[in-house]
Amino acid sequence: MDLYPLVRPFLPLFTPEQAHGLSIRALKKGLVPADRSPADPVLRTRVWNIDFPNPVGLAAGFDKDAEIIDPLLSLGFGFVEAGSVTPRPQPGNPKPRLFRLDEDEGVINRFGFNSQGLAPFIYQLGKRKAAGLPGIVGANVGKNKETEDASEDYVAGVSATCRLADYIVCNVSSPNTPGLRLLQARTEMSALIGAALSARNDSLPDAATRPPLLVKVAPDLDDAGLEAVAEVTLELGVDGIIMGNTTISRPDSLRSRHKGETGGLSGAPLFTLSTERLGALYRLVRGRIPLVGAGGIASGADAYAKIRAGASLVQLYSALVFHGPALVPRIKADLAARLKADGFRSVADAVGADIR
């Protein structure tokens, strides 16, 4: 039974951050029903030699400290990305720092990488690993605000998580840590990602045991910026790119009273921009690097559009705020129906269909 429609009218009684905390506690206590719908074979897909039960994942940000990975997987996600985690604990930016744009089905945040640090994060991942629990889990790593040499923090994050996560993401695109997005420039990204890859490879000399390393970039990159990202990732042998993070732009269509808040905008207002940038990136990499499409997904049609624009996998987060966890099985069912209706036998067959 989907209880979210009964709960949602009471959400305005809490700040968005309080409501998020309540959702984490509810998931910990098993109060959120699991997805019992049968798996549809058309949604199975293989990326980086990993077999995903479906391509619909949870983006980083919901479970920053890897506390509720298994309850989240039980909602029907094909994979869950925990983080962003910083090497040392930090509180992030002052509150309030999270705003619901109800009229727009969007969210603005300026968290600033609030994190308990790597120690509890890898403890949680280690417990899962030791127990042999199923499910595909990514680790999204970032930098502490006060760190001058960003590479040091990404090396620390990659080194600590590479034996415990199924894939790793270097987040260089949050708009809420000063100077972070400058790391997307060609020279800076080449140095940082090169160091991160070396850290992974040094930690795991056997290439067969290494988790894929991805980079998460901003949808605000212009064509020259995208070209730089594509060139650097191809040159270095990065395994994948997530397009994209939140945007600092503000569409004219926004109606919420919170539309002027500083921070990154996510949710429905981000869909058009992030999907266009995804397609532009796909034209540059042409299947040589798998892409993950994120930004504004709230339906099976949205997920399908991302796949047709070049995404091998997709991620969502903000839509859960407005539609609740029952959205996940609805997206999967609709996506499967759309793939079959268009004659695709698999997700992989549809990747980039609108860009070819």
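Every residue gets a Cβ built from N, Cα and C, even glycine.
Other Cβ atoms within 10 Å of the Cβ of Ser174 (active site, nucleophile), summed over all protein chains shown, number 25. What Swiss-Prot records for Ser174 is active site, nucleophile, and it gives sequence analysis as the kind of evidence.
Proximity of Ala60 (FMN binding site) to non-local residues of its own chain (separation of 6 or more, Cβ distance below 8 Å) is seen for Glu81, Ala82, Gly83, Ser84, Gly138, Asn140, Val169, Asn171, Lys216, Tyr317, given in sequence order. Here Swiss-Prot flags Ala60, Gly61, Phe62, Asp63, Lys64, Ser84, Asn140, Asn171, Lys216, Gly244, Gly267, Gly296, Tyr317, Ser318 as FMN binding site, drawing on sequence analysis.
Annotation source Swiss-Prot lists substrate binding site at Lys64, Asn109, Arg110, Phe111, Gly112, Phe113, Asn171, Asn176, Asn245, Thr246, citing sequence analysis. Asn245 (substrate binding site) counts 28 other C-beta atoms within 10 Å of its own C-beta, drawing on all protein chains shown.
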Those residues of the chain, 6+ apart, with a Cβ under 8 Å from that of Arg110 (substrate binding site): Asn93, Arg97, Leu98, Pro175, Asn176, Glu261, Thr262, Gly263, Gly264
From Phe62, Lys64, Ser174, Gly267, the recorded positions whose CA lies within 10 Å of that of Gly112 (substrate binding site): Ser174
Rounded Cα separation (Å) that holds between Lys64 (FMN binding site) and Asn245 (substrate binding site): 15
Three-class DSSP secondary structure - Asn140 (FMN binding site): strand
